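Single-structure report; data block below.
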Amino acid sequence: MKNQTKSNSLFQLSTNYIPTGDQPEAIKKLSEFKTKQQVLLGATGTGKTFTIANVIQNSQLPTVVIAHNKTLAGQLFNELKQLFPKNAVEYFISYFDFYQPEAYLPSKGIYIEKSATVNEAIKRLRVSTLHSLSTRKDVIVVGSVASIYPTSSPSDFVKYCLWFVVGKDYDLKTIKDRLVSLNYVVNKQQLTPGKFRFQGDVLEVFPGYSDAFVIRISFFDTKVEQICQIDPLTNKILNQLFEIKIGPADEYVVNQSDLDIAIKNIKQELQERVNYFNKQNLVERAQRLATITNHDLNDLKAWGFCSGVENYARHLELRMANSTPYSIFDYFKGDWLLVIDESHQTLPQLNGMYNTDLSRKQSLIDYGFRLPSALDNRPLSFAELQQKMQKVIYVSATPRDKEISLSQNNVIEQLVRPTYLVDPIIVVKPKDNQVEDLIEEIINQRQNNTRTFVTVLTIKMAENLTEYLKERKIKVAYIHKDIKALERLLLINDLRRGEYECLVGINLLREGLDVPEVALVCIFDADIPGLPRDERSLIQIIGRAARNEHGRVVMYANHVTEQMQKAIDETKRRRTVQMEYNKLHNKTPKTVVKPLTFVQPIKLKAKSNAEKNAALIKQLTKEMKKAAANQNYELAIEIRDSIFELEKEIGSKIKV
């Protein structure tokens, strides 16, 4: 093994592994950046993240990696943090655990208030991202599609930083006022992130962007004598510094002079809009807008904040009407790299968010709930994102035509795995007898002590199949969307250990399940047209059998559809490339050896009514989040009200 750390580089990849298989060639081609945008077509299990890490080191470019969901973003964040321990690897996702946006449904005359649950830990990580981007050059940001939503102006964030240097004089009263203006709060008793205190000649600040250290600045009279980072628990000195920049405690900071200008501009826009409604003889809308906006203005004057403050972002940032909002991409100066992971899913999400936001807000504006300037607080359009792009790599096992077109057909393939495993053999069988044939296939897997994934189209089918397999003495479990992360991990571990020999699921078996013991994937109703059985989905499902040297896929279908044939042909093409490579280089495929994750089993106890209600609240909360995500706001409100009723019954609010 070879360590690849380069001590004189800005980005230092630290690993004991060297690129193998197709990785060296892919890294070389991607690092050349022959076109501004490129596609990395990487088969399942070929180590795409490791390839990207090597490109980051070769290019020495600050990087943003965008994933299509929080879970995948978290996985990428952990991987890159391990690969770049000396660099600032940051995590930038939405800080809402639950978010139901404000909305108005004109057809039913229903107004829906904004409702949200904020995750303070994620909020702190977002501030950490902005702080690193403002103070360092060696930054890798891993984010979700929330990265295209607005954030604080880069110039404002830098402008508000407090800079301390050993030997310089400072006015202590001014320091206190500045910290308060940065949204820090005085707390002489206990320091937590976003708090500070003076104890004699010592200033201690717990930064809003980290929980790893407290900044201690010792003064001699008005001169800085010492700057240290100390452990918040032990008070042990971690680092002694010559200088330090303390950034804002929150993502958004507005000084008083800017706030005064913003309030003046909001009043002016309000008057113009009220006049417009009155001229249209829409008096009710004019009155409603005046009431809501004046209430918000009073809060802004008193506290510098109001409910729905995001609707006034353009005024608070002193931006021009219809201007592009600030985003994390504006924090990059010069050349930088954007990596869009699982681009076949992420890119459509990025494309659709602008129009979804516009549609919702336009109703609020048209009916007098919000000022027209609310439209200027929005996600970037894809065209705006493209204007900010410098270098782009789209990463996917199944890239779409859109990515290939954007890259001018510059597609770099990574098909050979570091384990030299080849794509599985595909067999098509008639589905008339698919259940009995499946049982025979599962039993045959026992000879090699391997496992089986079965993917079906509906929940009912999954439940019925699971029950029938149990009756036939097959050790089977059903994995579905409502299973929690810990329970999911337990199921996978039990499958790997042999407690189960088969797992039945729907689309959850498509991506993200890395189980080397699975040698057989069975696809029911492969010939039914639709998204779950299109070419890309089928290739993703097929990839679940690519972790085992005995990998096979059985498609149950009465005829071979065009989408099936494309998936079969592409898999055969990849398999041929992989086998030719192995023959040329005398490589033998070997099943991945992956240690089992230890998870303490959960012992279930008899539940009281309160415990049952608490469990139901958690389940309802999931449904509420799903309804809000699908913009089914009426259903979300009904579920929320049901939750409130249950909370009253058990006498306290359950944290969900």
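Using the three backbone atoms N, Cα and C, a Cβ is placed for every residue, glycine included.
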Which one of these stretches, 95-118, 143-166, 503-526, shows up in Swiss-Prot as motif 'Beta-hairpin'?
-> 95-118
Does Thr44 (ATP binding site) have same-chain partners at least 6 apart in sequence with Cβ under 8 Å from its own Cβ, and which are they?
-> Ala397, Gln540, Gly543, Arg544, Ala546, Arg547
DSSP-assigned states of the motif 'Beta-hairpin' (95-118) in counts, ordered helix, strand, coil = 0 helix, 15 strand, 9 coil
Quick tally, other C-beta within 10 angstroms, Gly42, Gly45, Gly47; top of the binding-site residues is Gly42
Averaged over the domain 'Helicase C-terminal' (434-596), what pLDDT does the prediction give?
-> 89
Residues within 8 Å of the Gly42, Ala43, Thr44, Gly45, Thr46, Gly47, Lys48, Thr49 Cβ centre (excluding the ATP site residues themselves) | Thr51, Ala397, Gln414, Arg417
